[in-house]
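This report concerns only the one structure given below.
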Amino acid sequence: MTTTQHPPQHAPRPPAPPEHDSDAVQWTTTVTPAVAAVTTLCASTALSGVIDGVRWLGYAGVAIIVVAAVGMGLRAMRTPTAVVGLAQLFALLCLLIALFTNEGVVGILPGPDAIGALGEVLGQSVEAVRVGVPPVGATAPVLCLVVIAIGLVAVLVDTLAVSAGAPAACGLVLLCVYAVPASLSDELLPWWSFVLGAISFAGLLAVDGTHRHHLWRNRPAMPATGRGLGAPVAVVASALALGLVAGLTATGIGTVGGFPGGGGGGGGGGLALKPFTALRGMLDQGSNVELFRVRGLGNESRYLRAMTLPRFDRNGGWTAADALSDAVPADGDLPNGLGDDGGGAVTRIEIEPVNSQDLWAPVYGIPRRLSDLPPDMYYDQNGGMVYSRSPRKLDRYVEDADLGQPAAQDLRSAGTRPPEGLDPVYLGAEGIDPEVVDLARQLTADQPTTFDKALALQEYFDPVNGFKYQTQTGTSSDEDALEEFLFRSKVGFCEQYASAMGVLARAAGIPSRVAIGYTAGFVSGDYRSITTQDAHAWVEVYFPDQGWVSFDPTPLSDGRGYQPPYVQGDASTGPSTTVTEEEVPGGSTENTPTAQAPETGTADDQRAATPNADGAGFSLPWQVWLALALAALAGGLAALGARAAKARSRTAWRPVAAAAAAAVLAVFFLVSAVSWWLGALVVVLVAAAVPAAVRAWRRREHQQAVAARDTDAAGAAWAELMAESWDRGAETAESDTVRTAARRLVKEHGLDKDGQEALRTVVNSVERSWYGGRADAPELPAAFDEVVRGLRRTAPMDWKSRLLPRSVLKPRRRKQD
């Protein structure tokens, strides 16, 4: 009587019928591109961190729909892949012509005039990139950049997911979409944007995996050749390169301000001053970090000027000059600016940057001489600023500054005579709203001199006129922000005050510019400390024979503001009228020129920014300490689990599971120190991966037992094969005989000839081990490996089956008696 009955032989399944190919084409031309489009749209929500409002999302959605629709239509007609990509790019160009120009042929087709008009919009986009501060307004130039960037991303994702059949490579492109706004915005990107992106990308992989699973289940196994590696490598490499190109394009959507004609702002390590060029937003002071230490200033509480903004654009606010052609090396004696006779006493001031990295080297008053600066730093005597072509951390440098100030009578004696030799850019008033012009005329109508006009404009921003200093301000578009602040809300911070007074001065015919820098800071030992809380903006007005003179309309009452003698002696109602403590950033009322450092946050924040500054007082959040303790515990438990596994203990999984739990908690607490919702997201993702991890652990245990030819090697091999079968959807009850289960495995998964031969060997080994008492089976490991490979050839698992294995979530049932 024989106990061996070979499972019935099944010939390989014939090729799929022609209608199967039509189903594949229909899937490729409908489902996959639609899901790819949704994935791109979800990823584009990351731009909400750098663009104000939601209007831009509609433009991005239109670009994605156009790209997807063109691709779906052309692929349905069996158009070559290269032609599909070129057609999508052409459709994107037509969309740009239709949305942002009025010169297109029949409204949408590109022509010479349309291309020229689009070029003008792109030129405005470059200006928006150079001076914009996230979140930027959804102006036409910004929307144009959105359509271009997201449209290119949509073309890449559609090509990779549909034409190349490599949706996983789309992750590289989509990662750039998140990386760019994350690097530009000071705030964390919205958590829901990450959730949408993760879910949609997982959906794209799931749809593609399900599609491939259905196709492969009905196809003969593909021969294994060495040529299969080239295509995936080429696709991934191309995706990486194209993704980087798309990412570089997307950097046009909001920057923190770049230098005219080259190098942009930004860079890692240290804090950089950002120009307050838009009449929107919130002064985000965050933690109070020390930026500069100044020695030699004495009791002078003067402002430290970093840069000046001479140009006013109604759509972009105050911006930097196009070029600094008159710049000279910032080394040694410096030339005099317009209206400066070069006289006056000189004060030597030492400026030590601590955590500042920027294009600018801030200076006081009128710099006469500079020393100890790098050789590629330059001085612009017209703008009164020192700069380099790229951001950097500077060492200590010395300025010989003229801190002299004119008397009110000297300024009044200038009358209203026009300036001679002054760049017309300082008088530019194009595009100012007529309502603003009328206000400027009303305020200055009865003032006889330019000085009196400037004082009248400054006094208009007094709190008695309803103005309120507040860092939390509502957002509005660039076109309406000025009118919103002047006539309706009257709530803002230094950016709004300085920008509005500068515009009123221009409307009144007074040459003016906005200066960006820092207030006086506070005295700390033998130096004056200037921190991020001291960032400030004010107005400078030009007077013949006197040069540029400062006026500060911002009503600061915490001791940081400075009103020069020519204003204190003439202003009937100064803008330093007391306001409530809640209206002052930080709520401090002790930050006078001789006050001590603020008590809240400053010391810790400075040590956090420079952790090696003094080597003492360093502390970590409690979440970090708890995470370190849990990590140590996880390491110890993992070591115990490894020893138990080496000893073939059946309880080895317990310390390993405990170690995994401790590691998850460690990651959670570590991430929660930055953001609690991000920590929660990590826990959710880890929980979703638990079934797959458990399955991987069991698979490894079975494989090790088979490879070591343990006494129960045959049982481990059979348990693993049954788990592999159930993971693929073919359930066998535990009470089924070995041969019954083997026949079911062959039938359900279409096991090929090599796999069937190996399975027959495994069945024989199992029967000898279970029923014959013969545990030794030298041929078992090789046969077991061949069966597993056969299952992977003929019945590859889809994404869902890998992530949620049935053998873990729904163990095989027992037959009822």
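For all residues, glycine too, the Cβ spot is worked out from N, Cα and C.
The feature region 'Disordered' is assigned by TrEMBL to 1-23 (among others).
Residues or ranges marked as transmembrane segment in TrEMBL: 56-74 (among others).
Taken from TrEMBL, the feature transmembrane segment covers 81-100 (among others).
The transmembrane segment annotation in TrEMBL covers 138-157 (among others).
Under the heading transmembrane segment, TrEMBL lists 164-183 (among others).
Outside the transmembrane segment (189-207) by six or more residues, the chain places 31-32, 35-36, 38-39, 41-43, 45-46, 48-49, 161, 167-168, 170-171, 174, 178, 181-182, 675, 677-678, 681, 798-800 with a CB less than 8 A from a CB of the stretch. Feature annotation from TrEMBL assigns transmembrane segment to 189-207 (among others).
If you look up TrEMBL, you'll see 228-250 (among others) marked as transmembrane segment.
The feature domain 'Transglutaminase-like' is assigned by TrEMBL to 486-555.
For 559-612 (among others), the entry in TrEMBL reads region 'Disordered'.
According to TrEMBL, the feature compositional bias 'Polar residues' maps to 570-579 (among others).
TrEMBL lists 588-599 (among others) with the feature compositional bias 'Polar residues'.
The transmembrane segment feature in TrEMBL is assigned to 622-640 (among others).
Marked as transmembrane segment by TrEMBL: 652-670 (among others).
The transmembrane segment annotation in TrEMBL covers 676-694 (among others).
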With Cβ-Cβ distances below 8 Å as the criterion, list the same-chain residues six or more beyond the ends of the transmembrane segment (56-74) that contact it, or say none. 29-30, 33-34, 36-37, 40-41, 44-45, 47-48, 83-84, 87-88, 91-92, 95, 99, 138, 142-143, 146-147, 150-151, 154-155, 158, 162
In the domain 'Transglutaminase-like' (486-555), how many residues does DSSP call helix, how many strand, and how many coil? 21 helix, 31 strand, 18 coil
For the domain 'Transglutaminase-like' (486-555), what's the mean pLDDT in this predicted model? 90
